[in-house]
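To start, the structure itself, in structure tokens.
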Amino acid sequence: MYKLIINGGIALNGHVKTAGSKNSSLPILFASILANGPITLTNTPHLSDVSTTLRLLMDMGAEFILESDNSLFIDSSNLTNLVAQYNLVKTMRASILALGPMLAKYCKAKISLPGGCAIGSRPVNLHLKALEDLGAFIKVENGYIYATAKKLIGTEIHFDQISVTATENIIMAATLATGITTIYNAAQEPEIVDLINCLIKMGAKISGAGTSIITIEGVDELSGVTYAVCPDRIEAGTYLVAATITGGKITIKNVCYQSMRAILVKLLETGADIKTEKNSITLDMKGKRPKAVNIKTSTYPNFPTDMQAQFTALNAIADGYSTITETIFENRFMHIPELSRMGASLVLEGNTVVCKGVKSLTGAYLMATDLRASASLVLAGLAAIGTTTIERVYHLDRGYEMIEEKLKLLGAQIERVQD
């Protein structure tokens with residue numbers, strides 16, 4: 001077990017390069033099941049969730065080579081074990097994304113009910129109902145999803161609520177289905193667009209990417225390709241908040257600012273100066289104390305739930321009062337007690353946190369609970385007076401590539417040590 005030790009109060013300055021998107025890499029890796037040949041991915045992030053996905057695919061019969069330049073060669077074209085075991089699935093919610101591709105290509109799958117961050121129920125019923133609409137026979141028994149199909153048949157899918165992973169699963173399943181599938185109330189996240197772009201390059205026929213209505217015309221087969229994963233907008237947003245909360249100036253490279261408009265608007269409201277270029281964002285807080293900003297999470301293109309915890313930490317030391325409302329997950333405020341231990345003035349009322357900004361936080365001994373909550377504690381530690389120790393940082397490794405090394409490049413005093 002590792003922990004992070006942070007000596008806070010240092011303004012961050014410099015340049016940092018974001019990794020490829022975690023939320024693009026995982027579905028694209030599962031999409032490799034659909035291909036009749038190998039896939040090469042570039043800009044692949046080195047994350048524990050990526051490693052778990054690769055172990056899961058390898059357990060099914062895939063082969064892969066991970067290069068030092070963040071390129072990944074994977075051949076999932078001939079799986080021999082159509083079972084996603086609990087010991088691998090339990091740590092990662094995205095493992096449900098194996099279901100659609102396996103059903104589409106092999107007409108059967110056995111998937112353990114998934115795990116991942118403990119931030120709400122995140123039901124899989126949307127996935128299962130939609131797959132049944134496509135012609136699958138599904139039962140859930142002893143913690144496993146058993147799915148079979150003679151052949152998936154295109155149809156209209158109407159999601160009762162917007163779900164990123166359900167949208168991705170059904171898109172992948174429909175690529176090899178017979179006929180046309182139309183998904184209504186589809187999620188519009190950039191990572192879904194990235195998945196669709198990869199599938200189209202593989203030979204899929206898909207229209208409507210980035211809209212709420214996506215149409216897929218099934219094809220007989222998909223081919224292997226070389227594809228570059230898009231930059232991680234949540235990692236980029238987290239480092240921009242790090243500069244804002246410490247009063248620093250940083251430039252983020254390998255970033256697509258067009259996908260981050262909702263985040264950038266809120267950072268501008270804090271008083272930060274922001275300059276965007278083709279592949280970079282520069283934020284300058286000029287040593288100022290940030291202004292408090294109200295946050296309400298929603299589906300893309302609105303403010304992302306994956307940035308809520310980071311902005312809660314920012315508001316904790318901002319000038320003024322703010323509210324942070326979470327509309328996506330019902331249990332995504334587990335960072336509140338930890339921030340309060342540092343001196344933050346936070347009151348949780350239902351799905352809203354009322355925050356009165358304090359001038360400074362004090363370093364404390366903290367316990368990470370999930371991926372983005374962990375990031376918020378790191379941000380708070382960077383801004384705090386004194387030393388902050390954060391336990392259970394394996395949560396961070398699920399979504400941030402070498403976070404302490406990148407923060408060191410910006411001047412942070414942060415170390416990873418083993419218990």
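A Cβ is built for glycine as well, from the same backbone N, Cα and C atoms used for every other residue.
Listed by Swiss-Prot as binding UDP-N-acetyl-alpha-D-glucosamine are Arg93, Ile328; the candidate from Asp75, Asp306, Asp319 that the record includes in that site is Asp306. On the backbone, the CA of Ile328 (UDP-N-acetyl-alpha-D-glucosamine binding site) and the CA of Lys22 (phosphoenolpyruvate binding site) stand 19 Å apart. Cα to Cα, Asn23 (phosphoenolpyruvate binding site) and Arg93 (UDP-N-acetyl-alpha-D-glucosamine binding site) are separated by 11 Å. Spanning the residues Arg93, Asp306, Ile328 that the record associates with binding UDP-N-acetyl-alpha-D-glucosamine, the maximal Cα-Cα distance equals 16 Å. For the pair formed by Arg93 (UDP-N-acetyl-alpha-D-glucosamine binding site) and Lys22 (phosphoenolpyruvate binding site), distance between Cα atoms is given as 13 Å, rounded to the nearest Å.
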